[in-house]
Amino acid sequence: MAGAGLLAAAGRWLPRGAHRGPRAASSSPSCPGCGPPGPGAHCPAAPRSAPSPAPAEPSALLWARYQDMRRLVHDLLPPEVCSLLNPAAIYANNEISLRDVEVYGFDYDYTLAQYSDALHPQIFNAARDILVEHYKYPEGIRSYDYNPSFAIRGLHYDIQKSLLMKIDAFHYVQLGTAYRGLQPVPDEEVIDLYGGTQHIPLYQMSGFYGKGPSIKQFMDIFSLPEMALLSCVVDYFLGHGLEFDQAHLYKDVTDAIRDVHVKGLMYQWIERDMEKYILRGDETFAVLSRLVAHGKQLFLITNSPFSFVDKGMRHMVGPDWRHLFDVVIVQADKPSFFTDRRKPFRKLDETGSLQWDRITGLEKGKIYRQGNLFDFLRLTEWRGPRVLYFGDHLYSDLADLMLRHGWRTGAIIPELEREIRIINTEQYMHSLTWQQALTGLLERMQTYQDAESLQVLAAWMKERQELRCITKALFNAQFGSIFRTFHNPTYFSRRLVRFSDLYMASLSCLLNYRVDFTFYPRRTPLQHEAPLWMDQLCTGCMKTPFLGDMAHIR
């Protein structure tokens, strides 16, 4: 990603006259920059009129080209190239004009209310104690504490193999990111577990919402303490040689985490200390007030109970928060709210008690419980692309709305802010750019197959793998970035692109844009198209003849 973007602007550092004018066809049987030419190849680095150089040892040519590339990469990365991305920006997967959006909808948890990471150890500890006290798990499990740097969102868990792993957009396990308990599983063992391949047949093993039966995907932020606890419990059983049924252990941990929510423990912690746990409340108020001031209609659909939402909104917005919303729905039971027509709306009174009167309309300032989207659409007539709904869970909040109902959707991805700050570092930029350049060099030079050249290529492959591991560890030592494997998008990224028109670190990013702003997604080159890729420029072999002539037009 970074390399392609950098090289799109490479003309700023190339001599303006370097590629102007028509080229003479090269009479050289092979290009010292690219190796033996392929069919129809044309290399702008080839000499124009000088005679072909005297043959040299192939391995010496490879190392010379390597050094040339190192110098070029260094020259192409001036200091100002870092910090190009804004962590507070909104990123578009699909073109969308806010001018056309009349109705804004919101989830509550991790959308309107952003929570501090201090909540995760509380969830972990409470669920761990539930396992020991109510499920009679070994007392030794209490010795484990929450490790916030262990897992990342979007991982998959193979229940029968007790394997937590990162899967890419093509359903392949990223080697080096499979863990059983707290220990990494060797690549060879992972491949053997899946019949000699890295490919995971997710369509057979996991449903649309990533909930099994054999493989579960952890998609929401609340799942971070769940993955940590699951890994710790498996680690304890394996470390003490205790036999266990993988499915039972998985269900017990999942139920213990669920109990923390169902019993209201998490709600109690947040309500007792909202200053500690709720972040950016003033920014949420600013977003909502601004939208209402511009004549937008607002609604809230959340799975959380009214008393909890009411206290949180009073803290962030004030006692009159309900006047900002045209419709408020609590305990909606998403995602079935979007698909199940059978559950009717129930009205709540001021104390949160259920009323028995029939619902014929959704009134502003009133609170409704449960219901379903089909009745919601009938009663409000809010349909199609004039509705924009924000949520943090790609499945439970966004998928059905985009695929079935044509709403516009915005994903709240708090991890985005930290990942962009890492991408903006000089270490990341240099590591990734050199990695892409080295990959291109390997691709072009693999035509050299003599013994010495093969040793050179093997050394480059080793260096490339080391660079990939360094880049991965910048984000997370075990699993890397939530958005990428070594080179492919993650399965999480694939779902993010499919189910969201926009994505951002927090709702407050909306404050950086006008309410009639149009978001345009960047045209990402397909593999058969003609970008100025780092590997093509550095190996002096752009794959289209005219591209070199256009390099200075920027």
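Cβ coordinates are placed from backbone N, Cα and C, and glycine is handled just like the others.
What TrEMBL records for 18-52 is region 'Disordered'.
If you look up TrEMBL, you'll see 23-33 (among others) marked as compositional bias 'Low complexity'.
If you look up TrEMBL, you'll see 40-49 (among others) marked as compositional bias 'Low complexity'.
Taking Cβ-Cβ distances under 8 Å and a sequence gap of 6 or more within the same chain, the neighbours of ASP392 (Mg(2+) binding site) are ASP107, ASP109, TYR110, THR111, ASP220, ILE221, ALA411, ILE412, ILE413, PRO414. For ASP107, ASP392, the entry in TrEMBL reads Mg(2+) binding site.
Residues annotated as active site, nucleophile in TrEMBL: ASP107.
Taken from TrEMBL, the feature GMP binding site covers ASP109. Other Cβ atoms within 10 Å of the Cβ of ASP109 (GMP binding site) number 22 in total over all chains.
Sequence annotations record features per position, and here TrEMBL assigns active site, proton donor to ASP109.
The Cβ neighbour count for ASP107 (Mg(2+) binding site), using a 10 Å radius over every protein chain in view, is 25.
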